[in-house]
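As C-alpha cells, the structure follows; a few thoughts come after it.
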Amino acid sequence: MTKVSCKKRDDYLEWYFMAVAFLSAQRSKDPNSQVGACIVNAEIKIVGIGYSGMPNGCSDDQLPRSRTAESKLDTKYPCVCHAELNAIMNKNSADVKGCTIYAALFPCNECAKLIIQAGITQEVIFMSDKYRDSDETRAARLMFEMAGVKFRKFSPECNKIVIDFDSINSQKS
C-alpha cells in the first residue's frame, strides 16, 4: 500500500483574509468605489467584516452617491460609512483589541482614529494606497505611527482568486 502525503496547507491565511475583505466589498452599492475590511484576532479567527455603505436605516435611494458636486452635502462623503467603521461596528466579539485589520484601501484619517480607539494595534494590512498623497492619508499614517500601529501593503503571490461554485460537486468524498 502506497502512503499518500497529506501535509496541511500553510499558504492560505493572509491571502484568505484579504480575499474576505475584497469579497465583502462586493456588497457595497456604491457605483464608484467598493471597499471591504476584515478584522482578525490573535487566534487567527475573523471577528469583524465590513464594506462601504450608507448607515443602517438610511435609504440608499435618497442619499447622494456623487463624488463631486457644488456642495459637499450633495456628495456621498458626509453620509457614507467606510468599510473599517462597519467592520468594527459589526464585530462578533467583545472587543477587537490587539487584532489585525485587512483593508482593500489604506484607511483614511477618520477610520485611522476608529482603528486606534478600538485597539486594533497589531497591524493594518492594505491592498491599495492610491490616495497616499492626500491630507487624510498623511494624517492617518501619522496617527498610526504615533500610536504604534504597524501598517504594510499586502503583496499577493497571485493577483486573482477564482471561486468555482461547481467545484464542490466534483470533489471526492
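For all residues, glycine too, the Cβ spot is worked out from N, Cα and C.
TrEMBL annotations: computationally assigned, not manually curated.
The active site, proton donor annotation in TrEMBL covers GLU84. As annotated by TrEMBL, Zn(2+) binding site applies to HIS82, CYS108, CYS111. What TrEMBL records for 12-145 is domain 'CMP/dCMP-type deaminase'.
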Query raised in the report: In the same chain, outside HIS82, CYS108, CYS111, whose C-beta lies within 8 angstroms of the Cβ mean position for the Zn(2+) site?
Result: ALA83, GLU84, LEU85, PRO107, ASN109, GLU110, ALA112, LEU114, ALA140
Report summary line: Cβ density check for CYS111 (Zn(2+) binding site), other Cβ within 10 Å (all protein chains) comes to 25
Report task. Could you measure between the residue listed as 'active site, proton donor' and CYS108 (Zn(2+) binding site) for me? Cα positions, answer in whole angstrom. Result -> 9
Query raised in the report: In the structure shown, with every protein chain counted, which of the binding-site residues HIS82, CYS108 has the densest set of Cβ atoms within 10 angstroms of its Cβ?
Result: HIS82
Report task. Could you break down the residues of the domain 'CMP/dCMP-type deaminase' (12-145) into DSSP helix, strand and coil, giving a count for each? Result -> 44 helix, 25 strand, 65 coil
